[in-house]
Amino acid sequence: MVLIKVLANLLVLQLSYAQKSSELVVGGDECNINEHRSLVFLYNNSFGCSGTLINQQWVLSAVHCDMENVRIYLGVHNLTLRNNAEIRLPEERFFCLSNKNYTKWDKDIMLIKLDRPVKTSTYIAPLSLPSSPPRVGSVCRIMGWGAITSPNETFPGVTHCANINILPYSVCRAAYKGLPAQSRTLCGGILEGGIGSCMGDSGGPLICNGEMHGIVAWGDDTCAQPHKPVHYTKVYDYTDWIQSIIAGNTAATCPP
């Protein structure tokens, strides 16, 4: 089991070697350039992750994507052209656990306040938080710059998107030993395999009905295997905490 963060130097070096394949995220296709306006790239010259713009000055990501000297790129499609993007720095970061001692199955969430707001544009727009939890069986969208092949990773350089299903949590418990009976995560994937979030997609969104329902957290060492779904932090369970922090209540606590 691995967190789906990526060594970004490797990603950048491999951009020109990406393969054209119908098995492109793994099992996806290149996103429409206007489809991922909320998606952001977190990068510090060593590691890369994704995040999601949820209003003009706040980004939601995974706490395991926290890194020093990070820059936040908005409006990016092709990573080789990221210097044409809007660039922001984190002004403040907020975690559910002050020591960031998260577990694989709980509280892998980070809220970042940008040093200055961004304007909505053709390529940049915030994504709404969920109004209710997604139902099992819902078809949701994943996206990112992560590997499109696994276990020998190939990175595409441009954003890829795919559809997956919200699966019963029992499917994830059957796939990964030691999970608790309940968790503030969503189990997502395709039971037959072939499609799924992969190395480099960490922190990115799981989008259902136009709302941000999940944050890419962790999955199997080899991506998109049958009966090996990915775990996504369940954003709905943290909406009160998120909204309280944004409103200025920095002492707000996460759900237990």
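Keep in mind that glycine also has a Cβ here, set from the backbone N, Cα and C atoms.
His64 (active site, charge relay system) has a Cβ environment of 20 other Cβ atoms inside 10 Å. Residues or ranges marked as active site, charge relay system by Swiss-Prot: His64 (among others).
Residues or ranges marked as active site, charge relay system by Swiss-Prot: Asp108 (among others). Taking the Cβ of Asp108 (active site, charge relay system) as centre and 10 Å as the limit, one finds 29 other Cβ atoms among all the protein chains shown.
In this structure, Ser202 (active site, charge relay system) belongs to neither helix nor strand by DSSP; it is coil. Counting every protein chain shown, the Cβ of Ser202 (active site, charge relay system) has 30 other Cβ atoms within 10 Å. According to Swiss-Prot, the feature active site, charge relay system maps to Ser202 (among others), an assignment based on similarity to another entry.
The disulfide bond annotation in Swiss-Prot covers Cys31-Cys161 (among others) and is backed by sequence analysis. A strand conformation is recorded for Cys161 (disulfide bond) in the three-state DSSP classification.
Residues or ranges marked as disulfide bond by Swiss-Prot on the basis of sequence analysis: Cys49-Cys65 (among others).
Summarising the environment of Cys96 (disulfide bond), the number of other Cβ atoms within 10 Å of its Cβ, over all protein chains shown, is 21. Annotation source Swiss-Prot lists disulfide bond at Cys96-Cys254 (among others).
Residues annotated as disulfide bond in Swiss-Prot, with sequence analysis given as evidence: Cys140-Cys208 (among others). The C-beta environment of Cys208 (disulfide bond), restricted to residues of the same chain at least 6 apart in sequence and closer than 8 Å, consists of Pro130, Pro134, Ser138, Val139, Cys140, Arg141, Ile166.
Per Swiss-Prot, disulfide bond is recorded for Cys172-Cys187 (among others), and the stated evidence type is sequence analysis. Just so you know, the Cβ of Cys187 (disulfide bond) picks up 25 other Cβ atoms within 10 Å once every protein chain is counted. Cys187 (disulfide bond) carries a strand DSSP state (E or B).
Residues annotated as disulfide bond in Swiss-Prot: Cys198-Cys223 (among others). Note on Cys198 (disulfide bond): other Cβ atoms within 10 Å of its Cβ, all shown chains, come to 32.
For 25-247, the entry in Swiss-Prot reads domain 'Peptidase S1'.
Taken from Swiss-Prot, the feature N-linked glycosylation site covers Asn44 (among others).
Annotation for Asn78 (N-linked glycosylation site): spatial neighbours Gly157, Val158, criterion Cβ-Cβ under 8 Å with sequence separation of six or more. Asn78 (N-linked glycosylation site) falls within a strand when secondary structure is assigned with DSSP. Positions annotated as N-linked glycosylation site by Swiss-Prot, on the basis of sequence analysis: Asn78 (among others).
The N-linked glycosylation site feature in Swiss-Prot is assigned to Asn101 (among others).
Among the features that Swiss-Prot reports, N-linked glycosylation site is placed at Asn152 (among others), with the record citing sequence analysis. Sequence-distant neighbours of Asn152 (N-linked glycosylation site): no residue of the same chain at least 6 apart has a C-beta under 8 Å from its C-beta.
The signal peptide annotation in Swiss-Prot covers 1-18 and is backed by sequence analysis.
Taking the disulfide-bonded residues Cys49, Cys65 in turn and counting surrounding C-beta atoms within 10 angstroms, the largest count is reached at Cys49.
Taking the C-alpha atom of Ser202 (active site, charge relay system) as reference, the shortest distance to any of the recorded positions Asn44, Cys49, Cys161, Cys187, Cys254 belongs to Cys49.
The recorded positions recorded for this entry are His64, Asp108, Cys172, and the Cα of His64 lies nearest to that of Asn44 (N-linked glycosylation site).
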